[in-house]
């Protein structure tokens, strides 16, 4: 199974990339993690709908057919660590690859958000996108460690 993290926005601070890379290399070979950064649409005088459409096109191009789409959304379902671990286990048993989508500064196209298989929320707080990448990969690693009985997660 592969976890594909699709993030709108290419540039993150060095500390965030270092942290992301550290967690990404910890995953076992049977659970591959890949990051695809897609270009943020330049604002200029474009309407929000135009921005959404351009970013949606790039996001959809980054996600292979047959992949389960999970969007990160402030209105999504909040999960505990144990609940995310169960979700990860369910995804693995389902056999499909999973794309977790992080929207751009303006969020995600509402129709794309609605069409996703799932909508989850990492926090009730508004977080910078670099922090979301790090938080998401850490929580996915933690969920894996819960399922694997690895000592990383402690109760």
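Glycine residues also receive a Cβ, built from the backbone N, Cα and C atoms like all the rest.
Now, the feature entries from Swiss-Prot:
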BINDING   72, 103, 122, 123, 124, 125, 126, 127  S-adenosyl-L-methionine binding site
Among 72, 103, 122, 123, 124, 125, 126, 127, the record's S-adenosyl-L-methionine binders - longest CA distance, Å: 16
Among 123, 126, which are binding-site residues, the residue with the most C-beta atoms within 10 angstroms of its C-beta: 123
Residue among binding-site residues 72, 122, 125, 127 with least C-beta crowding, 10 angstrom cut-off: 125
Cβ-Cβ distance under 8 Å to residue 124 (S-adenosyl-L-methionine binding site), same chain, at least six residues away: 74, 78
Conformational class of residue 125 (S-adenosyl-L-methionine binding site) under the three-state DSSP mapping: coil
Protein Cβ atoms within 10 Å of residue 103 (S-adenosyl-L-methionine binding site), excluding its own: 25
